[in-house]
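The N-acetylalanine annotation in Swiss-Prot covers Ala2, and the record cites a large-scale study or a structure entry as its basis. Look at Swiss-Prot and you will find 26-225, 277-355 tagged as region 'Disordered'. If you look up Swiss-Prot, you'll see 37-47, 177-190 marked as compositional bias 'Low complexity'. The compositional bias 'Gly residues' annotation in Swiss-Prot covers 67-81, 114-141, 323-333. Annotated motif 'Nuclear localization signal' per Swiss-Prot: 132-139, in sequence order, evidence recorded as sequence analysis. Sequence annotations record features per position, and here Swiss-Prot assigns compositional bias 'Basic and acidic residues' to 143-168, 191-202, 209-225, 277-292. Residues annotated as motif 'Arginine-rich RNA-binding motif E-R-P-R-R-X-[F/Y]-[E/D]-R-R-S' in Swiss-Prot: 145-155. Taken from Swiss-Prot, the feature domain 'FF' covers 234-289, and the record attributes it to sequence analysis. Here Swiss-Prot flags Ser268, Ser351 as phosphoserine.
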Amino acid sequence: MATLNPFDLLDDDAEDPSQLAVAIEKIDKSKKSGQVSSLPAKSAPKLPSKPLPPAQAVREARSDAPRGGGGRGGFNRGRGGYNRDDGNNGYSGGYTKPSGEGDVSKSSYERRGGGGAPRGSFRGEGGGPGGGRRGGFSNEGGDGERPRRAFERRSGTGRGSDFKRDGSGRGNWGTPGEEIAAETEAVAGVETEKDVGEKPAVDDVAADANKEDTVVEEKEPEDKEMTLDEYEKILEEKKKALQSLTTSERKVDTKVFESMQQLSNKKSNDEIFIKLGSDKDKRKDDKEEKAKKAVSINEFLKPAEGGNYYRGGRGGRGRGGRGRGGVSSGESGGYRNEAAPAIGDAAQFPSLGGK
């Protein structure tokens, strides 16, 4: 008899004891039914000879439980959801619509998703309450497959707005059948050329030999040779021809100038030169006179008629004194009626170094 590990039951502290009791009762019922069925005829179906121990039965039930709604994070926040039997609903996929015969992919999605929705499925595709692990609530009639997006996130650089010309029809490159037909025609043409070219091989060799002979004959022209005397004669003839042309071209017809008359110029060249020289002399004299005219400074220093002569002076040094040369009181400088200084007076303008 096999020995059982008494410590296996320690892992089931979080389980509901009522669920364990129900599981044990089911195992006992299966034992009784197995004993009763062994007595009648052999036509009865065979049941397992040895029932599983309660700890192993609970472990298998836990392993078959769904990952989603019926599993962790159900409505009861426990590991078993509502109840292990109710959570499984007689099927390892939890609250899901049982798949048809042979639908292996669908059952695998349901088992993985728990509530009928596959892992990572989108909303509107799966089973009932509890939802998938990542899918949320979903419908029972969903296929369990990820829907194809209308616009995939792909780079559009280098792509225009035109359609690719892959198909056949007007405005396209053509069908693959046409290319195959063209290739077959080209292969057939090459084969026919080979057949035709193999037969007249001898004729081609003879024709090539004749061509080579003609080419050799054409490449050997005779060089033109002449002596030195002949060359000098040719040069003399060329010189004579050139001299005859030059003498004929240099002849001038004097008959054309006989009808022409000489016109007399009234003004002689000497008179013209004299006038030009006199104009230049006048301009020089005018410049010299302007430079020699002396202008006295008194003309610039004289005030206007009826004006006062201004002599600059210092302003008063009192509080808030006015600017230099302004109107002030006392003996300070201001506007006075004084005569202009005489430049010729030696007292006013003494010469430097004078005695």
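Placed from the backbone N, Cα and C atoms, the Cβ positions cover glycine too.
It should be emphasised that the depicted structure is a prediction, and the values quoted were computed from it without experimental measurement.
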Any same-chain residues 6+ apart from Ser351 (phosphoserine) with CB under 8 Å of its CB? Would you list them in sequence order, or say none?
none
Under the DSSP assignment, what numbers of helix, strand and coil residues are found in the compositional bias 'Basic and acidic residues' (277-292)?
16 helix, 0 strand, 0 coil
Across the domain 'FF' (234-289), average pLDDT on the 0 to 100 scale
73
